[in-house]
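Here's the structure, in structure tokens; my notes come after.
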Amino acid sequence: MGFQNLSSQRIRFIIIGLMLSSLLSAVDSTIVGTAMPKVVNDLQGMNHYTWPFTAYMLTSTISIPIFGKLADLFGRKPIYFIGVITFILSSALCGAANNMLQLILFRGLQGIGGGVLISGSMQIVGELFPVKERGKYMGIISSVFGFASLMGPTVGGVIADNFSWRWIFYINLPLGILAMIIMFWALPYQRSHQHRKIDYAGGLALIFALVPLLLAFLWAGKDYAWRSAPIISLLVVAGIMIGTFIILEGKAVEPVVPLSMFKNSIFLVSVLAAFLSSILLFTVVIYVPLFVQGVLGANATSSGVIITPMNISQVVTGIITGQIIAKTGKYKGLAVFGFVVTTAGIGYLSGLGPGTSDFQMVILLILLGLGAGTIMPALSISVQNVFPQDQIGVVSAGLQFFRNLGGTLGTAVLGTVMAAGVKNGLAYAIQHVFLLGFFVGAGGIAVIFFLKEIELNNKMEFIE
């Protein structure tokens, strides 16, 4: 496969389409939170307050590896269009929901589309360019993803306050349709001519492993105690099904997740680093706004203004990181830099209190953006550099899956730390959340030093 001989104009339009896709899927993973008070007030569903978020995270995480493999089997374009059409239709259904049950179901459907779009963007970039040239475009896509994730809560709050909450979903329709039109024209259809068998058993086992695992972490510490029977039962079922999944994948002709990938040290280190980096990002995304508003006393608008420099620095750094990779062929140093700067920034946050000035926060958040913007472009390049073109989908999806998994599981653990500390005051609790983030970052630094750096290939092939 591979998209050779495309004109520069079509390539530019493909990148624009992918940026729109990334914007949609990333914003919708975080936009609902700030709008939920108005949603539950309108739909009368306080008992299900967290479920619209839970449903989206659950289905988006599960769909990433499954559709990543299907994209390798049937081509990027049809799988991309399954994702974007699912996302558009489910966004319309979410906006039209008449009760919380409908909203939860439609958010789960939306998560499937979002998961396909998240993983599909990196896969298509992997098809378009030789490894050494991918960095600058992955930097752009990653920066859009990071920016959108951070801006989601602010956008959701603004829309909910000034319009109807339903527009946090309806706003996806014109953007999604525009992305679909662009990609329908610009993206060619190419697929492997080999007949390949779909691993239905492995796909089902993966679903039955991930659903209880994710639900356990999403519910623990909030709906149920960590040591409660429901949480322990879910974790036991998840453990059994993970074991079943591993056995099935070892026997499958075309496994959903080829276990041989994990024998590659670069892939193994990269997915662990992606997992930890996502916890770092969510520590900032969730708790910095809470710190600014709850501890420093800023209102929502001022909080958004203070956080905006981080968004800008992350976008700029992501683009620059891609350019550096394309020019030098080096990626490890950038990943190390990202972890060190982000970890140091979160460590510094853990020592701040009510007397912190806005200027201090802005400078610190700019540094956090600089660190966060370098990590994922570097990791994406590292894994795509050591696998063949016909595995780009499953490899890219594997990296994105562990990133999503880190965000989901990490959010649950951070929430538990927050809940345990809040009895001693909000500032105390948030400081301990940041301190946990610092130790996670320290672990990421230790992991990333084991990343091997192999010269980037400038051809549409892989390095053995």
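Start at 1 and count along the chain as shown; that gives each residue its number.
Backbone N, Cα and C atoms are what each Cβ position is placed from, and that goes for glycine too.
Per TrEMBL, the features are:
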DOMAIN    14-455  domain 'Major facilitator superfamily (MFS) profile'
TRANSMEM  53-71  transmembrane segment
TRANSMEM  78-98  transmembrane segment
TRANSMEM  104-125  transmembrane segment
TRANSMEM  137-155  transmembrane segment
TRANSMEM  167-188  transmembrane segment
TRANSMEM  200-220  transmembrane segment
TRANSMEM  226-248  transmembrane segment
TRANSMEM  268-292  transmembrane segment
TRANSMEM  304-326  transmembrane segment
TRANSMEM  333-353  transmembrane segment
TRANSMEM  359-381  transmembrane segment
TRANSMEM  428-451  transmembrane segment
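Outside the transmembrane segment (428-451) by six or more residues, the chain places 265-266, 269-270, 272-273, 276-277, 279-280, 283-284, 287, 290-291, 294-295, 332, 335-336, 339-340, 342-343, 346-347, 349-353, 382, 410, 413-414, 417-422 with a CB less than 8 A from a CB of the stretch. Just going by CB pairs under 8 A, the stretch in 78-98, 104-125, 137-155, 333-353, 359-381 that sits most against the transmembrane segment (304-326) is 359-381. For the domain 'Major facilitator superfamily (MFS) profile' (14-455), the model's average pLDDT works out to 85. Sequence-remote contacts of a segment are chain residues at least 6 beyond its ends whose Cβ falls under 8 Å from one of its Cβ atoms, and for the transmembrane segment (137-155) they are 15, 18-19, 22-23, 25-31, 33-34, 118, 121-122, 125, 128-129, 168, 281, 284-285, 289, 300, 304, 307, 310-311, 314-323, 325, 372-373, 376-377, 380-381.
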